[in-house]
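For reference, the structure is listed below as structure tokens.
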Amino acid sequence: MLAVDVDDLIRPYIQADRVADVPEKLSPAQRKAALKAADAKAGAVLSLLPADTSVAVAGLSDHGSEPHLRVAMWRAPGAQGRLLGAASTHRDDMVILPDVTATMLTAAGVAVPPTVIGVPWAPSSAASLQDGTTSLRRADVAGQTIRSIGGLFFTALAVLQVAFYAVAFLLLRRRRGLESVRVAALALASVPVSTYLINLTPWDAAEAPAPALVAGVLVCAGTLTVLALTLPALWSRLRGRPRAAGVLGPSSVVAAVTAAVLLADLLTGTPLQLDSVMGYTGVVGARYYGLGNIPFALLATAVLLVATAVADRLVRVGRRPAAVALVAALGGFAMILDGWPGVGSDFGGVIAFVPGIAVTALLVAGKRVSIVKLGAFCVAGGVLVMGIAYLDHLRPPGSQTHLGRFAGQVIDGTFLPVIMRKLGAMLSTLLSPNLMPIVLAAFAFLVFALLRPGAASAGVLPVAFERAPMLRAGLIGTLVSGVVGMLVNDSGAAVLSMALALAVPLVLSAGIAALAPAPPATPAPVLRPLPTS
């Protein structure tokens, strides 16, 4: 094996044995000259090698202060394709640094040790060279854009949430502007899913990608808000009951779209979460596939609220067992996708999802929830996800996800450093200026503005619980999943804050709708005997 360091592109950034803390130091002309020198050096090496030599080119580090996607190229006898991917990323156009080790060992005919987490590169013909190169350039632009505006986005979201709760509390106390509050609540709840829907558009190909991203998210949120306000009323008119749109109609539309988008994304390889502002990026590299912690919080919340909205109708017509089965089935389906290796691959999500589903189903069944039962549900979630992880561990090392590798660490006793690292990351989020204000404001709003009726508070939620009793089960189940998810995920407060950011505005919308007079019940037909003569 021969290794050659071609450092012409990074050498200008090295000062006193350190990389300069600047985003870009070379002018276009200087960069072109450095690239030409690097190309000549690589060409000189290639000219000395036999034609059947396997050759890898890999950018192993960043220059300057901004991370980027780096190049990886592979030439080997029998290798065909235009893109280079690996099972480690579950993508046909991205690889990670540990894959370099596995690739070199495999090419040299050496067995890859189990301690190497990388896997050999795999060429793919999924796209042409031109399309693949364009896609990777756009992925780098998306990663840079999200990295630059991500903090500002979550700060703006926190400010909007806190300001909205304060204004809504004042207006609810005075019973003024209720319809405006309801529309604003639906719009706020539509923002999270819109950050994924915008990836259906080529915003990262725009000349100004950051404004295009923000504008696209706002347009998606506005469109979903309009649909949430119009679809339930339209459906009621089609059924011949124009005043029976229901307390949960608009909220259910937003929750259903959120759940459907995230479930569809999981089933198609998560193209919407990758390079999204509330997902993950290839540039950061925390994840390349599966369900992230923030998307988990949104999925669990949306699924539980949709399930209880349908369950509410079933309970009203005397079909409580069917309502319980629906909550368990829909929640179980989403939970399996969340935790299954290669699909959601979300360890902590399963632990948090199981008690949320179980508590919701128990409340829909009309049963009480005790601390003992709640603890048992959490243990059940842990046992279930460890079972899934063990099944993943039984696969060959190159096919395992991080779930299977963690099961191996539990078996050999080396898992404690992983637990401590994730615990430290979780605790650090409790002081986040972007996340904790959402948690505190949402909880304060639930307690003082929604749950406590009377002159000093708005008290709209008890009215909503009376009109739609199963809403209470969905809200409590969401809070359980959010709190447990905060404790078992390294994203910590991000899980609970995003669950509340979706749930509380939707619950508020339902509460305001419940203040309107209930539609008159359809009178039962009166049967009279026909005259005999």
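Note that Cβ sites are derived from N, Cα and C of the backbone, with glycine treated the same way.
Whatever TrEMBL says is automated annotation, not expert-curated.
Lifted from TrEMBL, the feature list:
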- 149-171: transmembrane segment (TRANSMEM)
- 183-200: transmembrane segment (TRANSMEM)
- 212-235: transmembrane segment (TRANSMEM)
- 247-268: transmembrane segment (TRANSMEM)
- 288-310: transmembrane segment (TRANSMEM)
- 322-341: transmembrane segment (TRANSMEM)
- 347-364: transmembrane segment (TRANSMEM)
- 371-391: transmembrane segment (TRANSMEM)
- 431-451: transmembrane segment (TRANSMEM)
- 471-488: transmembrane segment (TRANSMEM)
- 495-516: transmembrane segment (TRANSMEM)
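The transmembrane segment (288-310) makes no contact with the transmembrane segment (371-391), as judged by fewer than three Cβ pairs under 8 Å among residues 6 or more apart in sequence. Same-chain neighbours of the transmembrane segment (322-341): 259, 263, 266-267, 291, 296, 299-300, 303-304, 306-308, 310-312, 314-315, 347, 349-350, 353-354, 356-357, 360-361, 364-365, 384-385, 388-389, 391-392, 400-401, 403-404, 470, 473, counting only residues six or more beyond its ends whose CB sits under 8 Å from a CB of the stretch.
Within the chain carrying the transmembrane segment (183-200), a Cβ under 8 angstroms from the stretch's Cβ atoms is held by residues 157, 160-161, 164, 168, 213, 216-218, 220-222, 224-225, 228-229, 250-251, 254, 257-258, 261-262, 265, 271-279, 295, 298, 498, 501-502, 505-506, 508-509, 512, all 6 or more beyond its ends.
Remote same-chain partners of the transmembrane segment (495-516), defined as residues 6 or more beyond its termini with a Cβ less than 8 Å from a stretch Cβ, comprise 157, 161, 164-165, 168, 172, 178-179, 181-182, 185-186, 188-189, 192, 246-251, 254-255, 258, 278, 293-294, 296-298, 300-302, 305, 352, 435-436, 438-439, 442-443, 445-446, 450, 460-461, 463-464, 466-468, 471, 475, 478-479, 481-483, 485-486, 489.
A contact between the transmembrane segment (371-391) and the transmembrane segment (431-451) is absent, since fewer than 3 of their C-beta pairs, 6 or more residues apart, lie under 8 Å.
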